[in-house]
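Report on the following structure.
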């Protein structure tokens, strides 16, 4: 009956649900529930789903060789091949080696990676909240990825550490803590070279927000931090280190790729496809730089002119919002992923938690946004990948990027 205690409870419960789902002031209460639920889910996955050995043993053997006194990077090898990651990878896995009894305590390692996964979830929520302009209920989409849980808790890939570090960097960039943010960005880069995909967008943001002089200063911080992480190896043999850690010519195996499997192996491995993808990557970045990322500040030519004439002050005309920062960085990363010739399954972690955010920077109806999210998730869960699954991934990533282009490519201004 109207006015009865039961109806009052129902009304209050309904209003609370609406507030949790849509009211920004209830963002963190809902995020807390999502994080707790995902913590329980991750614990159950570790307990009941078998661990799969892929690279963990190799990581540990490579660290063992390093701890034995070998600082020549070309001689740090393991069962799946030589070490091909920058020095931060070695230092992180040295700590894990010591903590997990030379890598033998797999379950402890899994729980550490489970906590790392939850850390990235908290960081993703923080980036979303700092950017704003996204409904609370979208948070329910973040824990749904079967593949992402597997990458962290069941496979123990080093990509996970790079993702956590770059998320911290993005959050710091959102709050304009650029120097500390660049240190964490460099830390992420010292684990995986793929972090360079963010660099074009980051340079645009920093140049607009801080000017030419500060941009150069931040690049020096980036380089200096890389040198610090790699000092042991640079002293021994700098060329061996640089060739292994930053090998831009490395070709991945066709059988593991999720991306561009619409082509046969011969076409996939051809230099012509590699050159075409590189051209597409550069052209798309230039297009966003020319027509989108600098548009709000009078266009790229005005931005460059101001920045070069007055290098000590900001080159932009307007304040850069946290939403702008996240949108540009995530888009820069997505462009690189779209044009990557080979994407292995663990590379899904590079952008899995960014996909819902990016779909909400399009003007697509909600049903199309959700379809894109689940189509991308589906494609990453087909093993081995097929022409159909690869085609779905390419189409979805392309449609997502087009949605951003015709949507809110610099964030949704409030």
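Cβ atoms are placed via backbone N, Cα and C, with glycine included.
Just so you know, TrEMBL annotations are computer predictions that nobody has curated.
Range with TrEMBL annotation transmembrane segment, chosen from 59-81, 82-104, 151-173, is 151-173.
Here TrEMBL gives transmembrane segment for one range in the set 257-275, 276-294: that range is 276-294.
A contact between the transmembrane segment (26-46) and the transmembrane segment (151-173) is present, since 3 or more of their C-beta pairs, 6 or more residues apart, lie under 8 Å.
Same-chain neighbours of the transmembrane segment (180-208): 85-89, 92, 158-159, 161-166, 168-173, 214-215, 218, 221-222, 225-226, 229-230, 245-246, 285, 289, 293-294, 297, 303, 307, 314-316, 320, 324-325, 328-329, 331-333, 335-337, 347, 350, counting only residues six or more beyond its ends whose CB sits under 8 Å from a CB of the stretch.
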